[in-house]
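Visitor: Sharing a structure with you now.
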Amino acid sequence: MLTAERIKFTQKRGFRRVLNQRVDAYFAEHGLTQRDNPSMYLKTLIIVLWLFSAWAFVLFAPVIFPVRLLGCMVLAIALAAFSFNVGHDANHNAYSSNPHINRVLGMTYDFVGLSSFLWRYRHNYLHHTYTNILGHDVEIHGDGAVRMSPEQEHVGIYRFQQFYIWGLYLFIPFYWFLYDVYLVLNKGKYHDHKIPPFQPLELASLLGIKLLWLGYVFGLPLALGFSIPEVLIGASVTYMTYGIVVCTIFMLAHVLESTEFLTPDGESGAIDDEWAICQIRTTANFATNNPFWNWFCGGLNHQVTHHLFPNICHIHYPQLENIIKDVCQEFGVEYKVYPTFKAAIASNYRWLEAMGKAS
């Protein structure tokens, strides 16, 4: 496998320069800031109230257990909304211009059970730099359970992957929780990319918050009088719902019929295009005119915009989309968007089905 140092995007067509000029002009003309937006603060407040109201309902409402499980599902969707909107922006330094605020809000990923430190490395660096390049973009690897890239070796079980992947989504949050610990204490790298060393305080924080997670997910309900089966079922319903929502949304960004999977030259490591254009080639949007998805997804249905401007708060993405479309048209770059969530899901299904067949 080529090392990251050898992968080079060799073209400089001026696309990025023109795009940056247009986007900077938009913010200047309208007197807007890229981060620290009052409308984002309001959105955060609404989601936080939703999240804690759902949690309080699950723990304290005098309702029968099946209704409480419905509350667990609502809680899971609120957790997903917080992750998409607040945690994701913060970990990309797109929520605030104050890095300390971003770090504190970004650590909410840890309280969901996922290390924000490891996430920033594998997502911000590996995924956003080497999008859809097998062996470097961890998020298309699938840890051998699924085949997303045509460059990945085929095994027989993959022919059913378009079906069983939905079952895998259910267990992904628990996998993240455990795999973080394994990566830090044992493996120490993603593929050939060595994880930056943890400082002692960072390592203690990662492991300590994992223990704290066990406390409030399992210990608190037990202390309030719930039985062990009730706690296990409630936690499972919550995190399985969270897993299927989060994984589905992220899959609709790059694992589609219209998105490309890039292969560097085997000797030079060159990719004969501009990096910014490669982000558009490997990425697609969905349902960008739908108010619900625009609000709920935290800009993750505007993935093209997000990959080009990950440090800009997602509330600006709908306005930036037209700027990006215009520049793409000027440079002859195909801009990919699925008109509906259903259309993107169907494309993802067909791609997984195609990848499940032997080459």
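Using N, Cα and C of the backbone, Cβ positions are placed for all residues, glycine too.
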Visitor: When you get a sec, could you say which of 8-12, 88-92, 148-152, 188-192 is annotated motif 'Histidine box-1' by Swiss-Prot?
Guide: 88-92
Visitor: DSSP-wise, what's the residue breakdown of the motif 'Histidine box-3' (306-310) into helix, strand and coil?
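Guide: Per-class counts: 3 helix, 0 strand, 2 coil.
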Visitor: Can you find at least 3 Cβ pairs under 8 Å between the transmembrane segment (165-185) and the transmembrane segment (45-65), where each pair is 6 or more residues apart in sequence?
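Guide: Not in contact, no.
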Visitor: With an 8 Å cut-off on Cβ-Cβ distance and a minimum sequence separation of at least 6, pull the same-chain contacts of H314 (site 'Important for the regioselectivity of the enzyme'), or say none.
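Guide: Within the chain, H314 (site 'Important for the regioselectivity of the enzyme') has Cβ neighbours under 8 Å at N85, H88, D89, A94, G298, G299, L300, H302, H306.
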Visitor: For the transmembrane segment (69-89), could you work out the same-chain residues 6 or more beyond its ends whose Cβ comes under 8 Å from its Cβ atoms?
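Guide: Residues packing against the transmembrane segment (69-89) from afar: 40, 43-44, 47-48, 50-51, 54-55, 57-58, 61, 63, 95, 105-106, 108-109, 112, 116, 233-234, 237-242, 245-246, 249, 296-300, 313-314.
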